[in-house]
Amino acid sequence: MATRRSGRGGGDDGIETGKLRNGEKELSIEEIFELKEVPAWTDQLTVRSMVVSLALGFLFCFIVMKLNLTTGIIPSLNVAAGLLGFFFIKVWTTVLGKFGIQSKPFTRQENTVIQTCVVASSGIAFSSGYASYILGMTEKVAKQAEEGNTENNVKELSLGWMIGFVLLVSFLGLFSIVPLRKIMILDYKLTYPSGTATAYLINSFHTPKGALIAKEQIKCLFKWFSASFLWGFFQWFYTASDDCGFTSFPTFGLEAYARKFYFDFSATYVGVGMICPYIINLSMLSGAVISWGIMWPIIETKKGLWYGADLKSSSLRGEQGYKVFVAIALILGDGLYHFIVVLSKTFYFMAKTLLKKDSVQVTEGTSSDDDIVSFDDKRRTEFFLKDQISMKFAMGGYIVLAIISIIAVPFIFTQLEWYHILCIYIFAPILAFCNSYGCGLSDWSLASTYGKLAIFAIGAWVGMDHGGVVAGLAACGIMMSIVSTASDLMQDFKTGYLTLSSPRSMFISQVFGTFMGCILSPLVFYLFFYKAFPTLGEEGSSYPAPYGLIYRGIALIGTEGTSALPENCLLISAVFFAVAIALDALKEVLVQTNSKWHKFIPSPMAMAIPFFLGGYFVIDMCVGSLIRFVYELKNKAEADLFVPAVASGMICGDSLWGLPAAVLSLLNVKPPLCMKFLSRGVNDKVDTFLSG
């Protein structure tokens with residue numbers, strides 16, 4: 001998915017100096033901080049920042065993993081990371097102060113280091129693919145797909161190879177993009193809207209007014225964190241077996257419940273809905289109505305005509321095939337469109353920048369507002385260029401890590417040969433640059449799209465008979481890890497540039513956060529989800545992990561073609577592939593013509609998710625949107641400040657309850673009650689049976 005980085009908000013590239021307020025000049029950000037000493041890069045990396053990052057990294061890995069295994073929608077958690085980092089360091093210094101121990105001042109640079117570590121760690125939980133391409137290799141998912149369910153196209157999970165693989169492939173992206181940081185940030189002046197917004201958030205925390213607001217936001221976050229955790233604990237008592245509890249409440253009746261339309265009572269989904277843009281939630285709702293409300297009931301009537309009546313409901317040759325491959329068509333159509341558009345914009349703006357540089361000499365001697373360099377930009381450029389990371393170090397690191405990976409990965413995935421991996425590592429830096437540049441322009445990471453290209457290329461190269469499914473999925477992981485970590489690092493360089501954080505401290509904190517993620521992500525997934533919940537990855541499970549089957553479906557298409565699809569599935573999928581491209585193109589035209597109607601064009605990527613899962617989580621997310629909408633009507637400024645804190649608290653609390661719930665499951669401790677909902681007729685039969 002490319003949704004992890006979206007929605008964090010945009011921002012201008014700087015607060016202009018010289019603004020007037022009440023007749024007086026308003027100070028810019030760097031003028032406010034001018035008298036504060038900027039710590040050396042070694043002082044920005046502190047023991048306390050690493051300890052806090054480790055604790056928050058575990059929490060955020062758990063949150064991202066849970067969301068990946070349920071809906072695949074990952075909202076921005078940067079506000080929560082920045083707020084919680086600010087809070088924990090303030091608590092740290094306050095407690096030590098009670099014992100007479102003086103602590104170093106907490107700076108915005110240290111706050112940036114914590115935020116970078118935490119986001120890097122949770123980023124590995126996303127790009128490591130435990131809910132997508134890794135899970136797609138397992139026999140559990142292979143049985144649902146049926147096709148390609150052979151020994152060399154299946155790989156069972158174990159903690160050893162999972163940690164080893166993610167350690168081998170997750171660091172190369174960092175070294176591939178480091179040499180280009182000056183070009184991206186200073187020469188091309190790329191915006192990186194998410195990195196910019198995060199920087200202004202951190203800067204605001206460390207002003208007197210911002211610190212007071214942050215204190216109120218933290219109170220709000222912890223209040224909703226506690227309420228959400230207790231609500232999850234309360235619900236647990238009523239879930240003694242499948243289809244029990246509040247998560248199975250037939251809000252709109254039993255027929256709607258059977259069609260996956262009901263309120264899930266999930267604080268996580270409500271919180272996610274409050275953060276996600278309105279159009280994302282409405283897109284998913286429209287996708288749920290089109291699929292489960294219209295399409296699937298019609299296709300059910302074709303049972304025995306278009307597909308065998310004796311097929312299992314989970315078979316890709318039956319009804320499940322339509323659900324999976326139509327969703328894949330929407331995802332691929334949306335991904336292909338954005339790939340072409342972002343790549344085109346990348347080359348266009350690069351050429352425009354180069355031409356602009358060439359024309360500077362022609363206009364020499366003239367001046368304009370664009371030629372005036374602000375105080376902020378001068379100061380930021382000075383500190384950004386102060387601590388360099390050598391080209392030799394970056395290139396040497398990439399080559400050494402690539403050689404180690406080329407040698408070691410084929411021992412983990414015997415379906416891959418060394419030359420397959422070598423080809424990936426030759427092209428990966430180019431794609432990492434394109435992804436980082438495009439992300440700087442549009443805030444849109446195409447990591448999952450590049451991963452899918454690797455599935456098709458390597459899967460077809462290896463072939464079904466030689467384990468092309470597993471080979472393609474593993475290649476997806478290698479490619480996706482490189483391009484994802486590269487764009488994440490450049491976002492963080494932008495944040496560091498705007499907070500006067502050293503590139504060295506940014507790079508080291510990113511490396512530390514990546515290492516944390518490489519250890520924490522497989523541990524959290526394997527111990528607290530895969531082992532604790534035996535039905536993980538199955539339809540109807542608490543953790544259906546929809547992208548496991550979707551990614552395996554993509555690998556099957558890449559290696560076998562479309563011959564295994566049920567009748568008319570390819571035609572329907574082609575129609576939705578075209579619809580995805582048409583919707584994206586229409587939105588682009590409306591944006592370019594400054595039409596307000598572009599806000600109402602649905603996102604094909606968001607529409608695709610409920611095609612497979614249903615609309616139960618969408619109802620919760622729309623409730624979250626409604627809460628935010630009402631809050632904004634009452635007080636827009638207050639909503640902008642506190643909605644992210646409320647939502648983050650709800651997500652963190654409910655997700656953290658998953659930890660004790662998993663432990664209880666591992667210890668075979670069952671909830672004492674089962675709350676089920678029956679129709680009146682069924683209830684009468686049950687009463688008659690019990691009374692008899």
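Backbone N, Cα and C define each Cβ position, glycine as well.
As recorded in TrEMBL:
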type     : residues : note
TRANSMEM : 45-65    : transmembrane segment
TRANSMEM : 77-101   : transmembrane segment
TRANSMEM : 113-135  : transmembrane segment
TRANSMEM : 159-180  : transmembrane segment
TRANSMEM : 269-299  : transmembrane segment
TRANSMEM : 324-348  : transmembrane segment
TRANSMEM : 393-412  : transmembrane segment
TRANSMEM : 418-437  : transmembrane segment
TRANSMEM : 507-529  : transmembrane segment
TRANSMEM : 570-586  : transmembrane segment
TRANSMEM : 607-630  : transmembrane segment
TRANSMEM : 642-667  : transmembrane segment
Stretch contact, the transmembrane segment (393-412) with the transmembrane segment (159-180), Cβ-Cβ under 8 Å, 3+ pairs: yes
Of 113-135, 159-180, 418-437, 570-586, 642-667, whichever stretch has the most CB pairs under 8 A to the transmembrane segment (269-299): 642-667
Paired segments the transmembrane segment (113-135) and the transmembrane segment (570-586) in contact, 3+ CB pairs under 8 A: no
Stretch with greatest number of CB pairs under 8 Å, the transmembrane segment (77-101) reference, 159-180, 324-348, 418-437, 570-586, 642-667 candidates: 642-667
Proximity verdict for the transmembrane segment (418-437) and the transmembrane segment (45-65), three or more C-beta pairs under 8 Å: no
Stretch of maximal Cβ-Cβ contact with the transmembrane segment (570-586) [cut-off: under 8 Å; candidates 45-65, 159-180, 324-348, 642-667]: 324-348
Tertiary contacts of the transmembrane segment (45-65), as residues 6+ beyond its ends and Cβ separation under 8 Å: 4, 74, 77, 80-81, 84-85, 88-89, 92, 103-104, 110, 113-114, 117-119, 121-122, 124-126, 130-131, 505, 508-509, 512-513, 516-517, 520-521, 524-525, 528-529, 651-652, 655-656, 658-659
Chain residues in Cβ proximity to the transmembrane segment (324-348) (below 8 Å; excluding those fewer than six residues from its ends, i.e. six or more beyond): 2, 287, 291, 295, 316, 434, 437-438, 441-442, 444, 446, 448-449, 452, 546, 549-550, 553-554, 557, 565, 569-570, 572-574, 576-581, 584-585, 588, 603-605, 607-609, 611-612
